Amino acid sequence: TPSGFRSSIPTWLRMSSYFWEMTYNTNAQVPDSAGTATAFLCGVKTNEGTIGVSAATQRSQCSTAKGNEVTSILHWAKDAGKSVGIVTTTRVNHATPSAAYAHSAEREWYSDNEMSPEALRQGCKDIAYQLMHNIKDIEVIMGGGRKYMFPKNRTDVEYEMDEKSRGTRLDGLNLIDTWKSFKPKHKHSHYVWNRTELLTLDPHTVDYLLGLFEPGDLQYELNRNNVTDPSLSEMVEVAVKILSKNPKGFFLLVEGGRIDHGHHESKAKLALHETVEMDRAIEKAGAMTSLEDTLTIVTADHSHVFTFGGYTPRGNSIFGLAPMVSDTDNKPFTAILYGNGPGYKVIGGERENIYKVDYAHSNYQAQAAVPLRYETHGGEDVAVFAKGPMAHLLHGVHEQNYIAHVMGYAACVGANQDHCASASSAGGPSPGPLLLLLTLLPLGTLF
């Protein structure tokens, strides 16, 4: 196609079930990713900016988190003997992945360097620390966030001259060494920091894998270094190979988190190419698992104020112009626009004439109605697609936290397992040890 995208239907649209989820946080009409991730992973709606805690926790108030922790589907699966994994294109201690393992009154407590003195005095732990200590035997962790694992000012292995890539920890801990120390001596544990190291591993001999490929978030797919940075689909392939060795099944959280970041920057081309790579990852996972024993769920935790229109004809590049000019200012406009964001530009008292800019460039910021440094999320319901065992439970319109309970019910993990015992006593197969649970979450994708 003119845009360079495949014209085939995305993998998730071919799934058997779908429904709509209501994404609001308990204190916000338009949600943030910390509250939404807690909802779909822990089964409990909560306040914006808080992770793995109930709505009794006030954002940034360390003391309010104690006693209000909630556990996630990853925790339930691990307790049931399944293998578990996290794969993301963001930092591994970013909002969405951290809801799988952390309990924090503040999503931005990436390391102790970002925490307030009060929170440190009250004994709260940063999210990177919790990743290594809360659930010590997560089999697969892949993404970015290397700098949060090392002591303050430790030089990064890849960007030796970049001060922003240096370690951030004030406590002097090397969390990579901590991760290694928790692994049984007779198991094969591997820490890797680049694509070459990752792809030379034999997944069949790997018991635990920690891959941190950037100091912060991973590079956008369009900017990715093919030598040092793996793609999302490559990470998913390795993760599934490692996790699927467990006969009791596995849970895998996969987040295409830079979709969200591209939209926040109003760089639609970056965001949509991330979405295409997410689709490749979903397709790869589907080819490696069975529809008979694997529940796959694809969703977004929220939308963005992102739209496209202008009566464009079929075959028009998604990054191209509408076929008419504005009947108000007589200037052209692109098919893609944002409700707010950094793409708002006024030149000489008038809207920018985009004939004079390269609107097809990867870093082009689509025009917005309201000026903001960062584009915001949207508040509308978003779609959820599913296939596999119990996918029929995902229909109609539900609260976002319903998703976690469906996953737990389907996998016979967590609190509600009465139906599993009933099936077993009746002589039928118990779905618990048979189900391989794979959750794919393209953060910020619009449907």
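Yeah, the Cβs are placed from backbone N, Cα and C, and that goes for glycine too.
Unlike curated records, TrEMBL annotations are generated automatically.
Quick look at what TrEMBL lists:
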- Ser33: active site, phosphoserine intermediate (ACT_SITE)
- His94, Thr96, Glu255: Mg(2+) binding site (BINDING)
- Asp260, His264, Asp301, His302, His377: Zn(2+) binding site (BINDING)
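Locations of recorded TrEMBL features on the structure.
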residue : record                                  : Cβ within 10 Å
Ser33   : active site, phosphoserine intermediate : 27
His94   : Mg(2+) binding site                     : 29
Thr96   : Mg(2+) binding site                     : 26
Glu255  : Mg(2+) binding site                     : 31
Asp260  : Zn(2+) binding site                     : 28
His264  : Zn(2+) binding site                     : 21
Asp301  : Zn(2+) binding site                     : 32
His302  : Zn(2+) binding site                     : 28
His377  : Zn(2+) binding site                     : 24
Thr96 (Mg(2+) binding site) versus His264 (Zn(2+) binding site) - Cα distance in angstrom
16
Spatial neighbour of His302 (Zn(2+) binding site) that is closest, considering only the recorded positions Ser33, His94, Thr96, Glu255 and their CA atoms:
Ser33
Could you check which of these binding-site residues, His94, Glu255, Asp301, sit within 10 Å of the residue listed as 'active site, phosphoserine intermediate', going Cα to Cα?
His94, Asp301
Work out how many Å separate Glu255 (Mg(2+) binding site) and Asp301 (Zn(2+) binding site) at their Cα atoms, rounded off.
10
